[in-house]
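**Student:** Before anything else, here's the structure in question.
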């Protein structure tokens, strides 16, 4: 895959293969010949890995004692240091899977942290009515509280990615876990008074925790499982993220009393703080069991540093100027914003007549949206549909996901007040499956369409835009929707359908604009 005949005697650049390309500006033919003589029985990728390692000072020192004189002599004669990484190239080509115990512990810690961040982010969604009743907030204030971590994260993601671009994954996760713990404890201070101020400040820290960890999945994929990093990391991330969505609907209403009056809201905030502390402790424990030494950490930092061939903000500007990336990111971010708004308002809608469900009973229905989202991810990745893991075609799956979201949203609005909660939940699950598929398309498309921008940088750019729109869409929906515009003396005085009337029209218009954006602006 390199120039100068490093492996095959030919020049030029090989096909990208999903993670980038490997370049060498020096003629390494003699070194290559020595590698072939000594290790001709090894696979091509292993020979390349050995050649790279001999150009690292620490690796060369540790390998000097081995009985490979022809290889060592050839490499000692090479005075220029090999520059192996252009874009994001896996450090070695080997069998599928995560490398070693340290890699497995890193994946476990990243999955735990992702799940905990998701849980804390969505933990206030199921108690929409409890926050209104216990604290006396308006619905707009509740929506602002729910959306604020994403708004804060959208502002912090790019600076945080720049700050941590050469940091190891453990350093990144430690910063994120610390911010999560601080944020949950600051929110818990609301029990002493000024609940809106304390809880918004706590959400500020939660948003920072999310922003710091945004590039981590892409970094893990290329460093710890180079052969099939996207498949491994996306599978673990999807499970963790959707588990973090489902659990709050099952757990939080019961902790708050379950009746919608928020009698134990202070206990919930304290329990949430203890949970944030436990998440940080779990990350520390997994780090301790990974068995890494400082030299390995320095090697990992060197890898990330070498993978950036241009300044971070220059890469951001390049990504921002990519027309296809802009069209796809805007459209899919708007779609995800509608999905998040729907999830945020669903418990409140179920609490109104004729369903009149308590938060506890509503949660027993709403949690099913998370498994439905996972089913949507699996469907869009299946070979019988779009085979997203192997295909580089994103226009058709993006259009299908947006159209499905719009269609199932209309079905849900039609069934509202006309059917029972289980049937209504089934329609909501179909919408959630379409939204989950859209999330998967957005993730993979952003990484591929942004090429040659490094993948951790591309994910930060796309995630920043997605979180901004996911934070603004619920606020816009709240401003348009009764009873946020107080036309009736009480919530019960209005038909349930009025709650979603204006917001539903707004959501359909947003999805229509997203569909048109992909159709006309992409490709």
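Cβ atoms are placed via backbone N, Cα and C, with glycine included.
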**Student:** To which of the residue ranges 236-255, 296-315 does TrEMBL assign the term transmembrane segment?
**Tutor:** 236-255
**Student:** Using TrEMBL as the reference, determine which range in 82-102, 460-480 is annotated transmembrane segment.
**Tutor:** 460-480
**Student:** Which one of these stretches, 39-64, 325-350, shows up in TrEMBL as transmembrane segment?
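**Tutor:** Result: 325-350 is the stretch TrEMBL calls transmembrane segment.
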**Student:** Does the structure show the transmembrane segment (396-416) and the transmembrane segment (205-224) touching, where I'm treating 3 or more Cβ pairs under 8 angstroms (sequence separation 6 or more) as a contact?
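**Tutor:** Per Cβ check, the transmembrane segment (396-416) does not touch the transmembrane segment (205-224).
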**Student:** If we skip the immediate neighbours and take only residues 6+ beyond the ends of the transmembrane segment (173-193), which ones have a Cβ under 8 Å from one of its Cβ atoms?
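**Tutor:** The answer is 109-110, 113, 116-117, 120, 164, 199, 201-206, 208-210, 212-213, 216, 266, 269-270, 272-273, 275-277, 279-280, 283-284, 287.
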**Student:** Between the transmembrane segment (205-224) and the transmembrane segment (460-480), are there at least three Cβ pairs closer than 8 Å, leaving out pairs fewer than 6 positions apart?
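**Tutor:** In contact, yes.
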**Student:** Tell me if the transmembrane segment (236-255) touches the transmembrane segment (460-480). I count contact as 3 or more CB pairs below 8 A, with pairs 6 or more residues apart.
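**Tutor:** Between the transmembrane segment (236-255) and the transmembrane segment (460-480), which are separate recorded stretches, there is no contact, as judged by 3 or more close Cβ pairs.
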**Student:** Do any residues of this chain, six or more beyond the ends of the transmembrane segment (325-350), have a C-beta under 8 angstroms from a C-beta of it, and if so which?
**Tutor:** 122, 125-129, 139, 143, 146-147, 150, 245, 249, 319, 357, 359, 362-363, 365-366, 369, 394, 398, 401-402, 405, 409, 416, 421, 424, 428, 431-432, 435, 438-439, 441-442, 445-446, 449-450, 458, 461-462, 465-466, 468-474, 477, 481, 496, 499-500, 503, 507, 510-511, 513-515, 517-518, 520-522
**Student:** Using a threshold of three or more Cβ pairs below 8 Å, and leaving out pairs closer than 6 in sequence, do the transmembrane segment (107-128) and the transmembrane segment (140-161) count as in contact?
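**Tutor:** Taking Cβ pairs at least 6 residues apart, the transmembrane segment (107-128) and the transmembrane segment (140-161) are in contact, with 3 or more under 8 Å.
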**Student:** Which stretch, 107-128, 236-255, 267-286, tops the Cβ pairs under 8 Å count with the transmembrane segment (362-384)?
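**Tutor:** Per the Cβ count, the answer is 236-255.
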